[in-house]
């Protein structure tokens with residue numbers, strides 16, 4: 001990946017991200033991969049089923065005691081909500097209705113957002129584009145922790161706390177690192193979301209609303225599925241900034257574990273990413289990858305060489321300047 005110079009405690013590199021060149025090489029050798037691009041016809045039905053399952057769950061939990069509200073939020077509802085955030089991730093790449101129906105994708109993402117309890121989809125779309133275009137970009141890729149996070153959350157106990165607080169940092173970090181003007185779609189996202197929250201509160205009470213929001217916070221924090229946040233780009237091996245995971249939790253997460261493949265081909269929906277790996281096996285089989293997100297979380301907390309600073313960073317020029 002070129003020469004490296006230590007600056008602070010991040011791993012600073014002075015080369016382009018590897019995904020662009022690998023994409024060119026793979027497409028030149030396997031042009032049939034282009035046929036995998038385009039919408040996933042099943043995604044809208046799967047997501048709709050998950051949304052309505054959560055609405056049914058709101059009715060079912062409305063009379064439970066608080067301890068069971070939080071139990072089911074963590075064990076069931078939060079898993080669905082976390083999965084919906086990853087569906088929104090896929091939808092942000094226009095794979096629900098295709099690039100020609102971009103607005104349909106935006107509105108469907110708002111629909112997928114409903115059980116999450118807080119407006120998320122429009123802001124995620126706005127920043128996720130930068131994550132792909134400027135992977136590891138200083139002050140551009142808000143997936144990179146701040147210097148404060150890297151400095152403070154450096155012991156096992158503090159790293160464990162950081163994992164619990166991940167939803168907070170993912171929500172607030174963009175406002176500090178790369179603030180952007182609020183868009184019309186974000187306003188609509190908020191209006192729709194809070195209207196549905198009020199309707200759920202009116203129909204089934206406070207416990208139903210707490211069930212949704214608590215599930216989101218708990219399962220985006222310290223939870224086995226949340227291992228993907230660490231697995232994707234934290235530098236477990238020097239010189240590698242993106243990692244895939246090929247374990248069973250991909251069934252619940254729209255194959256987000258195929259993350260190397262996703263960054264190489266972001267326009268290919270998650271359901272077809274295993275086919276990318278199969279077709280271009282020689283490009284992926286020998287790359288380091290994860291087999292367990294639980295092991296990822298364990299290693300992150302207890303390995304002294306790992307922490308929020310374990311990320312590759314680079315200086316990137318804005319696309320309009322290049």
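Count begins at 1; order follows the chain as displayed.
Including glycine, each Cβ sits where the backbone N, Cα and C put it.
TrEMBL: automatically predicted annotations, no manual curation.
Matching 34-55, 144-165, 210-231 against TrEMBL, the residues noted as transmembrane segment span 210-231.
TrEMBL assigns the feature transmembrane segment to one of the listed ranges (107-124, 125-142), namely 107-124. The stretch from 107-124, 187-204, 210-231 with the most CB pairs below 8 A to the transmembrane segment (68-87) is 210-231. Within the model, the domain 'Sphingolipid delta4-desaturase N-terminal' (5-43) shows a mean pLDDT value of 90, rounded to a whole number.
Remark: secondary structure over the domain 'Sphingolipid delta4-desaturase N-terminal' (5-43) totals 19 helix, 7 strand, 13 coil, with classes taken from DSSP.
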